[in-house]
There are 2 protein chains.
Amino acid sequence: MNKSKNNNLLHKLLFAVIIVCSLHSYSQNTFISGMNNMKWEKVMPGVWKASFGTSGLNPLEYSNPPKTASILELGDTPFPFAKASTFYQLTPERAIIRMPLDPLEKIYGLGLEFEGVNRRGGVYTLKVDHYGGVKGYTHAPVPFYVSSKGYGVLINTSKRLKIHVGVGNRKDSKIPDPIDRTTGENWSAQPLSDAIEASIHGDGLEIYVFTGNTSLEVVQRYNLFCGGGTLPPKWGLGFWHRMHTTSTADDVLKEISDFKKYNFPIDVLGLEPGWQSFAYPCSFDWDSTRFPNPEKFVKTLSDDGIKVNLWENPYVAPSSTMFKDIKPYTGSHTVWLGEVPDYTIPEAQKILLNHHQKNHLDIGISGYKFDEVDGYDSWLWPDHATFPSGNDAVEIRQLYGQMIQKIFGDHFKKQNKRTYGLVRASYIGASSSPFVIYSDYYGHKGYVTALVNSSISGLQWTPEIRSAKSAEEWVRRFQTVCFSPMMLLNAWASKTKPWSFPEVTNIVRDNIKLRKDLLPYLYTAFYKYHQKGIPPFRAMVLESGFDAKELIIGGKLDGETNPYEEQKRMEVTDQYMMGSYILVAPVFTGETARKVVLPKGNWYDFYTGAFVGNGKTITIKTKLEQIPLFVKDGGIIPMVSSKKLKNTDKTSLEVRHYGTKENTFELYNDDGKTFNYENGDYSLLELKVSKKNNGKLQGQSKFVNNSKYSYGKVNWRWMSNETQNRQ
Amino acid sequence: MNKSKNNNLLHKLLFAVIIVCSLHSYSQNTFISGMNNMKWEKVMPGVWKASFGTSGLNPLEYSNPPKTASILELGDTPFPFAKASTFYQLTPERAIIRMPLDPLEKIYGLGLEFEGVNRRGGVYTLKVDHYGGVKGYTHAPVPFYVSSKGYGVLINTSKRLKIHVGVGNRKDSKIPDPIDRTTGENWSAQPLSDAIEASIHGDGLEIYVFTGNTSLEVVQRYNLFCGGGTLPPKWGLGFWHRMHTTSTADDVLKEISDFKKYNFPIDVLGLEPGWQSFAYPCSFDWDSTRFPNPEKFVKTLSDDGIKVNLWENPYVAPSSTMFKDIKPYTGSHTVWLGEVPDYTIPEAQKILLNHHQKNHLDIGISGYKFDEVDGYDSWLWPDHATFPSGNDAVEIRQLYGQMIQKIFGDHFKKQNKRTYGLVRASYIGASSSPFVIYSDYYGHKGYVTALVNSSISGLQWTPEIRSAKSAEEWVRRFQTVCFSPMMLLNAWASKTKPWSFPEVTNIVRDNIKLRKDLLPYLYTAFYKYHQKGIPPFRAMVLESGFDAKELIIGGKLDGETNPYEEQKRMEVTDQYMMGSYILVAPVFTGETARKVVLPKGNWYDFYTGAFVGNGKTITIKTKLEQIPLFVKDGGIIPMVSSKKLKNTDKTSLEVRHYGTKENTFELYNDDGKTFNYENGDYSLLELKVSKKNNGKLQGQSKFVNNSKYSYGKVNWRWMSNETQNRQ
């Protein structure tokens, strides 16, 4: 053990000592001067609500209604803390809340974040904006947090919430004794706090508490309360590619032919701004020089099994055919000199939908990429802009992304068509929305952390690929995006193609194929998202048996780099779960080995079936061609068994089993494109692994309801030889 | 000329073309839907005021009253734009203003900023905080801007102002035509805007307009309106050194003896937190183990000509002898578990002053370093904290630094003692405050830019030295701090001494000596700050004849690093004026040459008197031992003529003259420590350079009023040989 490790351990120990020594003083306050106790009302099992004063736009109105039946299935759990320890206050300036916090509690969530998982110790200003700058400025700053103690709190506001997550000590709460910094060794820049406090500029707030037997159940309940998870069309889980903004219809056909030549699939083809006659601001009308016959163009691609997705930002150019109609409903300020529709007004929504139905959806457009619904202040409308509805510009900005998702989500549903698209801003209650978030930030590690955190806040995130500095980075980024909610290549600006690094073209293709082969498994995971609210891609802290160890390091005085002797928290932010059984551990450029923290239970290598460990941290050597994947004991992984890259329903099914446990997997399938499944039009295939009398495993499959949607013949594959070592 | 230069020029040209083409459409709006015209009232010559609604704490109350006589001397100038083009609006959420902007106008100011000089094109959230993160988060975010057209605007609010400096276009103002980004070459992420718009969360605002014949005059008028500039005690312009926080009285004496051994001066010695019995939070009481006899300690140093400065932050430890008294006047939240006094309450101010008078000032303490009156959110009181005065926590935080400066500034004055100290937050009206700002940010280039920008906002800034990675950096940082408002070594944490890099010890000492020798020149510059509001250290944009050229570069699409094709503005941020005649051009580590932009007129090398250029950009080779200094034609520089490092009034005076021009310099002197100069107790020595009949220069000196305060015999030195080349 080297010296620096010793230091780390010492610090960790000290930290633990401080916390434990302080424990006795942390009984929860029931009186805070100037504050009032919250009144809690039970909304449904495990869901409570409190409110005070009046609030502005209600974010939950831009979500879907609760899936009550599914919430009832989760059962009931008690209110998670003393109601008398929750407080609110209204001042002339602000609406303020205070929620209790135990010394050892960890707090997760608060939306799309690119660093860390435990938010305790941070002050977040939850503002829809580009990521960067102030903590909480992000594309989806969801004011919902989940405690490691098994409850969640949603502050249902469209204002910018400033939240102190275990930061700050009131003089009339029970606080630790101060420490003299000159002589006291355990002085901390952030003394242990007994509360989460938050405030908005506004006249009231509405707060929900969600409970659960586990943190995952809390997230499920929150997602179900917001309509459950989205079930994408099957094509949405395929391969996405976006064209250069100046591309013509002919360029697209040439590109498709190139993809075929190199044997790469395209399931969805995205057109960037130049499909329009005017962009930045937008006309939303086809450009007749680049796309002289949009209807024929879309049909040609459709006949080839390719969906078309259109880029848009919401700012309306004077030359747009919808400009005159929308103009009465726009705000005081322009964005890139285009007008900003006030979509809190139903009439404005209608104008938008009518135009888009006629020009895009009627000819078969599958969905949209809604850009720039988030930030920056340097080009979006200012906070002081005014809108014809009278709603506050800050609230409209906070909800804009969510609003546009809701408008189009509902519209597609009315037509009984599923869509899947992209959006650069999201908010409360996004789980049921068929849109995936992306951003201009491009850190690969941050992308994985964002994927992890998204799952705690009802969000979906794509670590899209724009470019790479090396073949290795190209592979590593491809692997990550293949194990994400949307397999998206968005390299139009850099003009990099999947085959641009010839030495790794086969590896890239194999990774795409693996993701596509996993469709049956993944599609069922999304169905569980829809039905039970379980995120298909999940943070490890939502996984039972996972020990969210945190290493506390640092705290050394340095006048230039650390004048406050701040400690740094080291967390596991680079691995996550996909579906019920697979643990994904992406590799970053330059790494030849990585650590993987395995939850309790036996785990097996996805590729070989070999036992790798149980409830401990292992270090693995990485291979360029593989993203490390591990499967839980008893894991059943149904995969498409094909040599080709096309998804075809009527192929055969390879069902893998890992480890030694008996288990059952209900494989979901449906038409992949409509909402008929909501009326029972789907099939469930039970895949059952049991032990024969001789102890050997056997697999059986049978349809639970009907056999309408079949993936074909089931071939069992026993991945783990029973004689392999295990704990 | 290389290709990249060509590109830069091309971009510049395009930018100019865009601006000029748009000029015609920028007549100022006189109607904006929903907004009202401001009503302007003339306050004094060149100062106008408008207000609407009610505002909170008045920042100007924490400044000094106007120096009306000096403002009258500046004369009158007309209101700088159409009054009908200034607007305000009150919404349920905000107070909003709109001020006009011409297409070619540049905007300077907005307080302490570490990047750029022209603020046009930025959105600033003016919040007292550590620098970094969001634009406008800084230690002194002064809501005062100066236009290149010769006027300034002060938004006199204690709320956080969000200001869009030429960013944003209203749909009912005259805006440029949008450009299709796909095909238009001149598309810009920030279309030219015709206004500055700003808002606060609040019910009203008060706005001042200051005019002038030059931008400097605008700054002068603003400074004079806030009480004029500070005149530090002479010792304050000497060498400052700070001790390690754990130092004892004996450690201090040892340190002083080391300084003597190495022949380095100490004029002010600063004690860091450990002089107190408790720190972070603070007791403000002496620690009896480290300083058993404070009175004797201070006297010992005083007898050696050394002043003592005490570090403090304002958060009161329970063990403080003033805790019980101050407790009724503290806010709801603690900082580092110490209570936060509400110094908007006079009684709280009295408790603080009584305690400090008795424990520090009565025994001869010269002043303070007020730390942590700025940020971060992670340990300061939250925005939603409440205070016994009922004032808003945000306003109290915005004014805290300014407040504490005012309390102690006034207190010292009452005792007819000048003080000079440090503070980490400042705000509106700071020019007359005897405190210099510092920060934890440590970028050397940023430090120089901060020095430049400070001068536009009535601030003083020290680029203090904490450490260096090399002897070269040590020298370069020393040179900069020697040419700043406070020559401060603050290397206690790193324990670096002036002689820690032996190979450059002599160079460091020579630079300190040069600064000390320049005291007569510098002290007069501060007198002009006091009397006329002219900052002793000034941005080049305030200098007549300086062409504030800006190079616009960039604008190339890159999906990862520049998705909005943003342009970058290259400005001159690394040189400034000191006093009337000296241009300072600091050198940064690693540079062997640098560019210097010379204003119009002949300029001469300070060290050699050689002509260097006139109104152009020169490139000079740098020498490690010298900070490049240039003197204006006719420049008269009175210096102490001594071999020693001690400032002594009764030495002889070396008066240097540069170039060929006749000129007169009024050298100011006084007792250097009291306010008696306000009653005429000072001397002015006229130093006059004229041409004899033979054309040769001659120098004459005579006291204008009395000869009470003399620097001694005048020795003239003609630095520029008349036969040298010039334009």
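Keep in mind that glycine also has a Cβ here, set from the backbone N, Cα and C atoms.
Curation plays no part in TrEMBL annotations; they are all automatic predictions.
Quick look at what TrEMBL annotates:
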type	residues	note
DOMAIN	A:89-160	domain 'Glycoside hydrolase family 31 N-terminal'
DOMAIN	A:230-525	domain 'Glycoside hydrolase family 31 TIM barrel'
DOMAIN	A:566-637	domain 'Glycosyl hydrolase family 31 C-terminal'
DOMAIN	A:653-695	domain 'DUF5110'
SIGNAL	A:1-27	signal peptide
Confidence summary (mean pLDDT) of the domain 'DUF5110' (A:653-695): 96
The domain 'DUF5110' (A:653-695) - residue tally per DSSP class, helix then strand then coil: 4 helix, 21 strand, 18 coil
Long-range environment of the domain 'DUF5110' (A:653-695) - Cβ separation under 8 angstroms, sequence gap at least 6: 231, 233-235, 413, 416-418, 517, 520, 523-524, 527, 580-581, 602, 604, 606, 609, 611, 631-641, 701-720, 722, 726
Secondary structure tally of the domain 'Glycoside hydrolase family 31 N-terminal' (A:89-160) (DSSP, helix then strand then coil): 0 helix, 28 strand, 44 coil
For the domain 'Glycosyl hydrolase family 31 C-terminal' (A:566-637), the number of residues DSSP places in helix, strand and coil: 0 helix, 34 strand, 38 coil
